[in-house]
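Okay, structure first, notes after.
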Amino acid sequence: MIEVKNLKKSFGANVVLKDINVTVKPREVVVVIGPSGSGKSTFLRCINLLESITDGHVYIEGIDITDKKSDINKVRTEVGMVFQQFNLFPHKKVIENIMLAPMKVRNVTAEQARKKGLELLRKVGLEDKAETYPDSLSGGQKQRVAIARALAMEPKIMLFDEPTSALDPEMVGEVLEVMKQLAKEGMTMVVVTHEMGFAKEVGDRVIFMDGGLIVEENTPNQLFDDPKESRTKAFLSKVL
Amino acid sequence: MDIQWNILAEYAPFFLKGTLLTIGLSLAGILIGTILGLFIGLGKMMKNKWLSFPFGLYITLFRGTPMLVQIMLIHFAVVPLFTGGTNGIAAAILTLSLNSAAYIAEIFRAGIQSIDKGQMEAARSLGMTHVQAMRYVILPQAFKRMIPPLGNEFIVLIKESSLASLVAAPELMYWGRAMQGQYFRVWEPYITAALIYLILTLSLSYVLSRLERRLATE
Ligand SMILES: Nc1ncnc2c1ncn2[C@@H]1O[C@H](COP(=O)(O)OP(=O)(O)O)[C@@H](O)[C@H]1O
Ligand SMILES: [Mg+2]
C-alpha cells in the first residue's frame, strides 16, 4: 500500500532523513515514535509530497509519487492527512470545511457533499456543530472535524502527525477514540504520536526514529517491553 | 480677511462637478489598481526569480518615484504615444491606477503571506491544486485582512488625485486653481477644496471603520 525505498531528505545542508525504508500493508496501523527533531513529521510529509523528496522513492498503491509524471493531486486524494494544528479553514463553517474538497476536487454535488459531511460529523460525534465556525470549537472538536474533513475524500490511507499534541489532556481521549474506531474499520494508518497507550492498543507495528533513521521497528509489545537498541531504551525510559 | 461669498456661490456648481470627478477618478484608480495589484502581487510571489523580477521592478519604480513625475510622464509622453494627443482624465486614471497597483500589490502579498502555511498544506493534502487552494482557502481569508490597508490606499488616492489638476483634468483642485486664477483670491478656493477633501476622506474612513467592526465580529 505504501512503500518507502531509500528515502532521503535534506533541507539545504541539513540531512533530515538519511535512508528510510518502510512498507505499510493494507489495513495496517503503523505508529511512529521518536524524539523531537528526529524527522517524524518530515517522513510523514514526504509520503504525500508536502515536502519534496531529495532522493529515493515512495510508492502509493504502486504509483511512484517521485516520478514527475504521476499526478500528485490525484495521489493526495487517496492519502488523508491530519495535522497537529488542525488547520481547519476558519472562514468556512464546519460542514463547509468538509464539503469543500469533495466538491472542488471530485466534482460531487453540494447536496451529496452535505449528506456525506453530516454522516461523517455524526461518526465523530459532532453533527450538531455542522453550522458553526471552527473558532467556536474546542481543540478536541476541531481535531475531530479535521479527521472528518480528511475522510470526506474517502482516502485509502490516513496520516496523522501528532494529532493530540496540541490538545488539553482532557480532550486527548475523544480524538484517540475516533482514531481507534477508524483503525477498527480497517483504515490503513501511519500515526506519529507520543500516546504509547494508543500505540499498544491499535498499533500493528511501532517504528522508532532517531536522527533521521529508523532505529528499531517491531510489534508494540516487543518494542515497548523488550527494546533491542540502547537508543530505543533511552527514549522509552524518558516517555513511559 | 473678508470672505467673498459671491464668488464662492458662482463657483459652487464647478466645485460640485469637480468633486464628482475627484470621486470618479479615485474610484476608477482603486478599482483598476486592485485588479492590477492582485496580478502584480501574485507575480511578485512567484518562486522563479526571473519571472518575479519584472513585477518587483514595477513595484519599486512606482513606489520609489513621486506621483507628480509619473503623471507628467504619462500625460505628456505615454498617452500621446498611443493616442497621438493628450487627455487629462485618461492620464489621471492611468496614473492613479498604475501607482495604486504597486501599493496594492504589496498589500496583497502581505495579506497572502499572513495566512498560516498550514492552510495551504491542508488544502493541498485534500487534493486541491495550488490554484484551487488559493481561490477557495487562501484568498478569501487574505481579502478580509486586506480591507483596512486597501481602505487606507483609497484615502491616499483621493488626496493624490488632486495632482490631476496639473494635467487639466477638471476635478476639485482644478476648479480651485481656476478660481484663484480668475479672481486672484487664495483663501476661498483652497479652504473650500480642503473642506471637501476632508469630508470625502472622513466619510470614507467612517465607512471603513464600520466595515472593519462588522468583519471583526463575524
Ligand atoms: N521546512 C523546513 N526547513 C528547514 N528545516 C526543516 C524544515 N522542516 C523541518 N526541518 C528540520 O528537520 C528536522 C526534523 O524535523 P521534523 O521532521 O519536524 O522532526 P519531528 O517531527 O520528528 O520533530 C529538524 O531539525 C528541523 O529543524
Ligand atoms: Mg513533528
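Each residue, glycine too, has its Cβ placed from N, Cα and C.
The domain 'ABC transmembrane type-1' annotation in TrEMBL covers B:19-208.
For the transmembrane segment (B:20-43), same-chain residues at least 6 beyond its ends with a Cβ under 8 Å from one of its own Cβ atoms are 51-52, 54-55, 58-59, 89, 92-93, 96-109, 112, 150, 153-154, 157-158, 161-162, 164, 169-173, 196-197, 200. The feature transmembrane segment is assigned by TrEMBL to B:20-43 (among others).
Residues 40-41, 43-44, 46, 88, 90-92, 94-95, 98-99, 101-103, 105-106, 160, 163-164, 166-167 of the same chain lie 6+ residues outside the transmembrane segment (B:55-82) yet bring a C-beta within less than 8 angstroms of a C-beta in it. The transmembrane segment feature in TrEMBL is assigned to B:55-82 (among others).
Marked as transmembrane segment by TrEMBL: B:88-108 (among others).
The transmembrane segment annotation in TrEMBL covers B:154-175 (among others).
Sequence annotations record features per position, and here TrEMBL assigns transmembrane segment to B:187-208 (among others).
Panel annotation: around the transmembrane segment (B:154-175), residues 11, 14-15, 17-19, 21-23, 25-26, 29-30, 33, 67-68, 71-72, 75, 86, 88-89, 91-92, 95-96, 99-100, 103, 189, 193, 196-197, 200-201, 204-205 of the same chain, lying at least six beyond its termini, place a Cβ under 8 Å from a Cβ of the stretch.
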